[in-house]
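According to Swiss-Prot, the protein carries these features:
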- 133-196: ATP binding site (BINDING)
- Gln276, Glu288: Mn(2+) 1 binding site (BINDING)
- Gln276, Glu288: Mg(2+) 1 binding site (BINDING)
- Glu288, Asn290: Mg(2+) 2 binding site (BINDING)
- Glu288, Asn290: Mn(2+) 2 binding site (BINDING)
- 106-318: domain 'ATP-grasp' (DOMAIN)
Amino acid sequence: MKILVVGTGAREHAICSALADEATIYSVMGNRNPGISRLAGNSLLLLKLTPKVVRFASEKGVDMAFIGPEAHLEAGLVDALEEAGIPSVGPTRDAARIETDKSFMRKLFEDYRIPGSITYRVFSDPEELREFMEDFDSEAVVKPVGLTGGKGVKIVGEHLRDNMEALKYATEVIEKRIGGHPSVVIEERVVGEEFTVQAFSDGEHIVPMPAVQDHPHAYEGDQGPITGGMGSYSDSDGLLPFLTQKDYEDAVEIMQRTVDAIRKETGPYRGILYGQFMLSADGPKLIEYNARFGDPEAMNVLPLLESSMLEICEGIVDGNLKSASFMNLATVCKYLVPEGYPESGVAGAEIKVDEKKIEDMGVITYYAAVNQEDDHIYTSSSRALALVAPADDIYSAEELCEEATAHVKGRLYHRRDIGTRELVEKRIKHMEDLRS
């Protein structure tokens, strides 16, 4: 079977790796990712425009497509491929609004009484926004309605001093159309521990994957600006050290009810659904959805997949998804990023990766926003590569992953604290304090 994987990052490298033993991989990339290039052979094309992607897929006789990035979903690539007779693992443009339109997502929860929602309002009038914020007695979270690459959300107490500073930023979101829409979502700030559950969906049923915790802050100790994700970890039981089985099942139930609601609103949601939750004292609260695999979270779960990825993809597009099994291993993923990331990452700097030594350690290399020219690899201004270590427990995986970073040379940095006992135990104590 011929499968086209759209996307250029470490997430797509992981998707290609999961499919490579069962299918012939074709690739559409924005830059020459060395890991994807290796798996796709000569069957790749460097482009982004939807009509050219569809033409390329048709000319190559592709049987199925797997869409990685959200921008292609918002652009309607799945719809265009389906019109050409090519089914896709990825929702239609309308169904993808669960990610691309935050007001749509919150209204869906309201209309269908899906549990796990939080207090919110959507504004497009700066004066109405000002009146609301003057009386809003919770700490505010400001979210552009549209896509911002994971970097548009600002939270009082983290990035903003108080609700008046939140008002200033929210007004800017409206006036400058940050996220592509002249509107903004204001939500109450929920205190707890964030976690992610990803699920395969055939439009009727979802098959959940192990829970993961991402680390979006740029610097150690959860400090600094929000990034696309500096790394993540998962545990051997599919839960997290602070997450109970009931918490996990409640999150999965929220996701299943969401897929049911989307089906009634837009038609079947076929693809990957990513739920970002805040585990509060009252249980899981839905923070946001992504309409595709998380990056880095995809790299925690895909190396553990025991089931056939090809059969899962076929089940998604055919509407008869069955099940998926995962190895009982923990994982730690650490991103190596250019100096200055995320504000002004060093671009064009050469990096050297001793993949053989990393592989011999049992650690996996996934290339991200780098560009290969001949036998040399150069950074862009974004994340360069991810290292993923599977092991029997989180702390063993962390030690292995950290040791492997020594085999990557260049003007890069990473968060050394992800997956460490100190940071994980801090999460556990935080939840214990909240629940008591």
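Glycine residues also receive a Cβ, built from the backbone N, Cα and C atoms like all the rest.
Values in this document were obtained by computation on a predicted structure and should not be read as measured data.
In this structure, the CA atom of His181 (ATP binding site) is 18 Å away from the CA atom of Asn290 (Mg(2+) 2 binding site). Remark: of the binding-site residues His181, Arg189, the most isolated position is Arg189 (fewest other Cβ atoms within 10 Å of its Cβ). Least crowded of the binding-site residues (Gln276, Asn290), judged by neighbouring Cβ atoms within 10 Å of its own Cβ: Gln276.
Once Cβ contacts within 10 Å are tallied over all protein chains shown, the binding-site residues Glu165, Glu288 are led by Glu288. It is 23 Å from the Cα atom of Glu165 (ATP binding site) to that of Glu288 (Mn(2+) 1 binding site). Spacing of Val173 (ATP binding site) relative to Asn290 (Mg(2+) 2 binding site) is 21 Å (Cα to Cα, whole number). According to DSSP, Arg189 (ATP binding site) is assigned to coil rather than to any helix or strand.
Once Cβ contacts within 10 Å are tallied over all protein chains shown, the binding-site residues Met133, Val141, Val173 are led by Val173. In sequence order, Gly228 are the residues near Gly149 (ATP binding site), counting only same-chain partners six or more apart with C-beta under 8 A. You'll find the Cα of Val141 (ATP binding site) roughly 15 Å from the Cα of Gln276 (Mn(2+) 1 binding site). For Gly157 (ATP binding site), the same-chain residues 6+ apart in sequence whose C-beta sits under 8 angstroms from its C-beta are Glu139, Arg189. According to its DSSP assignment, Gly149 (ATP binding site) is coil.
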